[in-house]
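**Q** The structure under discussion is supplied below as structure tokens; questions concerning it will follow.
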Amino acid sequence: MATLQYTGVFALLLAEICVFLLLILPMPVRWKRAMIVWSSRSTIAQRVLYGVRIAFGFIFLLFADAVMRLRKVEHEKESTRIVDEHSLCQQKLQKFYAQRNTYLTGITMFLGLILISTHSLIAQLSENADASTAPRLVSSGPRSSKAETERLKGELAKARKEIEELNRKDRDMETLKKQAESSHKEYMRLADECEKLQKQLDTSNESKKDA
């Protein structure tokens, strides 16, 4: 019967180790968060945790019994002097089993308490994170959408004004460019006429000299 009890304790210890490995296993945050939320809200997980808490009560009794047996074996070893080799082996075997049972139940109980505390802490942090993001979701409602629409309309009107200003500047530049081209053509025409008049004047002067 005792062996069956400690076998169950060892199986619970293996289950705790698997859960810890699952918690520290590298995985996406949303998967781990979904797992924590499910374990904190699922009725099946709550029943399992309740059963584990009850099992910890029995494990504590086994731990106390193992400690008492270990102290009893130590007391018998100090009070009795055994010469027989068989009796000495039996005493060492009893001490070994008592130590094994003490370590097994103690580690299982300690690891289970850490696991429950860690799960509660992570669930509380997850609830606090959900509560902190709730105001953001509320603020992103119809009022926020209306304010965002007004802001976008203002930015759109400002962009239209800037485009109109740039278009006006482009038109002014085109006008100045046309005026500059017209002035250049007029300057070239006047320069050609001035050159013709200068040639005519030189020709008339030469004719007068020859006369």
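From the backbone N, Cα and C atoms, a Cβ is placed for every residue, glycine too.
Just so you know, TrEMBL annotations never went through curation; they're auto-generated.
Just so it is clear, the model here is predicted, and its values are computed rather than measured.
Dumping what TrEMBL says about this protein:
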type: COMPBIAS; residues: 145-184; note: compositional bias 'Basic and acidic residues'
type: DOMAIN; residues: 3-130; note: domain 'BAP29/BAP31 transmembrane'
type: DOMAIN; residues: 164-210; note: domain 'Bap31/Bap29 cytoplasmic coiled-coil'
type: TRANSMEM; residues: 6-27; note: transmembrane segment
type: TRANSMEM; residues: 48-68; note: transmembrane segment
type: TRANSMEM; residues: 103-122; note: transmembrane segment
**Q** Go ahead and report the DSSP secondary structure tallies for the domain 'Bap31/Bap29 cytoplasmic coiled-coil' (164-210): helix first, then strand, then coil.
**A** 47 helix, 0 strand, 0 coil
**Q** Looking only at residues six or more beyond either end of the transmembrane segment (48-68), which have a C-beta under 8 A from one in the stretch?
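**A** The answer is 5-6, 9, 12, 98, 101-102, 104-106, 108-109, 112-113, 116, 119.
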